[in-house]
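> Please read through the structure below; I'll follow up with questions.
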Amino acid sequence: MSKIRVYELAKELRVPSKVLINVLMDEFGVEVKNHMSVIEDEDAALIKELLAGSEANSELVAEYEAELAEEVNNAAKKKKKRKKGSEDDSLEQDVEVIEIGKTITVKELAEKLNKPVNDVIKTLIFTGVMAAINQEIDFETAEKVAEKYEVAVYEKEEENTLEEFEEETDVEEENLAKRPPIITVMGHVDHGKTSLLDAIRKSKVTSTEAGGITQHIGAYTVEVNGETLTFLDTPGHEAFTAMRARGAQITDVVILVVAADDGIMPQTVEAINHCKAANVPMIVAINKMDREGANPDRVKQELTEHGLVVEDWGGDIIAVPVSAKTRENIDTLLEMVLLTSEMQELKADAGRKAKGTVVEAKLDKGRGAVATLLVQNGTLHMGDSIIVGSTYGRIRAMFDDSGKKIKSAGPSIPVEVLGLSEVPAAGDRFTVVKDEKTARNMAEARKEKIRQESFATSHRVSLEDLYSQIKEGSVKELSVIVKADVQGSVEAIKASLEKLSTDDVKVRVIHGAVGAISETDITLAAASNAIVIGFNVRPDNNAVAASERDGVEVKTYRVIYDAIEDIKSAMIGMLDPEYKEVVLGTAEIRATYKISNVGTIAGGYVLTGKLVRNADVRVIREGIVIFESKLASLKRFKDDVKEVNAGYECGFSVEKFNDIKEGDIIEAYTMEAVQRKEL
């Protein structure tokens, strides 16, 4: 009877080995010593049946959360023991076992194997790998080296397993309650974004604040008709997209500010495309209505050119004419924001451990690392231990947007916190964990993971690897950013590219504009996994550096046809090839023999072409195809052969078919792939 190791079963069930060991011993009475212990397939099948499904796994992790936390906390101690050379008594196996991460240096591997570094380097050379003493090698290469020394290797589990399972925990519907919406303001420079934010803040500031002055922490809340709105005071789509590129989708509604006297400008178009790419609802604030040249109808007309039709004209985009200077229609704008957010039914569970995102962070001379956190779920309390990206800390003090010290903050509430070990990056996710020790060990594990991932190749989409990514199912559409020297070229390339879309793969131009390829374009491409195409323009120095850093492909052309053909070639490569049938040969059945435990063997004469072993065949009787299968065997006299040519006799059997009769014709054929030349 076959067996399975505990760690292999744990991988299948997506639970930590430690938890599975406890369950096996406590719940099922199966004696296991460690993750390398083996259990019978029957026991494994029963456990799979009982623990299958995410709900069961979540309950399992919740039940053994203490053990998980203990495992994470003891990770650092285990590392120290390994450095001292102490052996792990728990591995009572005949074969020696070592634990390594996704990558390891040659020196570290030699220490774990307890072998001289020179011997390990020689072994690597014999396996075809040239590596120096401090060079990193991947897990598969290390495994091959360990096999030479008869040592088993397994990949160690991430030490932040507890946090990952906490994040996967299902949310109870009855615990969800309404939360305030989070709003970001975007638009062209000098169109009044900051003035509008100031007008909103001054008109809705609470009387309890000293002098009505709000401390700048990167976000603030206002009260509208008894409802709370949270504004991110980080105007500009660059910050918005940079955070989205880090996986932080925190905005619920975007206010797009357009000057009534200026209309749609290049940065306005960028902001529109960024919002569309993020799939966030927009409300247009037509600002500067107090100016003499204000023309809101012109703004509405220009919006339609970018796919935004306002409600007045039969569309679904809300547009509100406002004036930040006179505060005209500010209340109406806020009511529209409230209405849009209500349509989304925004909810969160305030009773959970807090999770959220860093809005901004800085190093203060007197207070150390200071970060503005936006709580997205749960409630953050003073004294909580948190992990933020690859840093950690314990919250020593918390302040709201008015600078007042508070003890807790619920969903959608921004707070400034002190107590972090380092300054995190904007867009980093934070999670409350059991204690500071757990947070520290998780942060160390994350730093190690980041270091290892820096050695891995980028998996950004590119024209060259588009076909393989489609096959893997990782790309369903090709997103493109187009920059050109004139608007006519942008429109021509955009129209031509979008015509290339097929049922399998859609080409989507997420942004098109006039001018050099900028760092902002690269940021959007990184966030949307897009390719940047330039026509008669070049990337600036910052864009080149950003594209190399983020692994974004930038293609430049001088002929529109070349750009279209490159994309078309990549698209053709994505499509499944066409197949045509090629007949290999035919044979006539002249005798049949029935053999027990084998079936019917046919003796035949090859009429045309050749018969090839394992070829697809048709059995034809009186001109009618009666069966299709494969040649199971092919012999000439007593010898197995690969093929028999025309004019020779042979013996063969047809897979899963015994009703062969004299006079039947066997037609052998193959299906050849033909490269597609057009979409």
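The chain as shown is numbered from 1 upward.
Just so you know, glycine gets a Cβ as well, placed from its N, Cα and C.
Owing to the predicted nature of the structure, the values given are computational and were not obtained by experimental measurement.
Annotations per Swiss-Prot:
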- 187-194, 233-237, 287-290: GTP binding site (BINDING)
- 178-347: domain 'tr-type G' (DOMAIN)
- 187-194: region 'G1' (REGION)
- 212-216: region 'G2' (REGION)
- 233-236: region 'G3' (REGION)
- 287-290: region 'G4' (REGION)
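How buried are the listed features, and what sits near them?
In three-state terms derived from DSSP, Gly187 (GTP binding site) belongs to an extended strand segment.
Mean pLDDT of the predicted structure over the domain 'tr-type G' (178-347): 81.
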> Ten-angstrom check, please: count other Cβ atoms within 10 Å of the Cβ of Asp190 (GTP binding site), all chains counted.
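Total other Cβ atoms inside 10 Å, all chains included: 13.
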> According to DSSP, does Lys193 (GTP binding site) sit in a helix, a strand, or coil?
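Reduced to three states, the DSSP call for Lys193 (GTP binding site) is helix.
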> Enter the number of other CB atoms within 10 angstroms of the CB of Met289 (GTP binding site).
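Total other Cβ atoms inside 10 Å, all chains included: 21.
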> Gly187 (GTP binding site) has how many other Cβ neighbours within 10 Å of its own Cβ?
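The Cβ of Gly187 (GTP binding site) has 27 Cβ neighbours within 10 Å.
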> Write out how many residues of the region 'G4' (287-290) are helix, how many strand and how many coil, based on DSSP.
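Going through the region 'G4' (287-290) residue by residue, I get 0 helix, 1 strand, 3 coil.
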> What is the Cβ neighbour count of Lys193 (GTP binding site) at a 10 Å cut-off, with all protein chains included?
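There are 22 of them.
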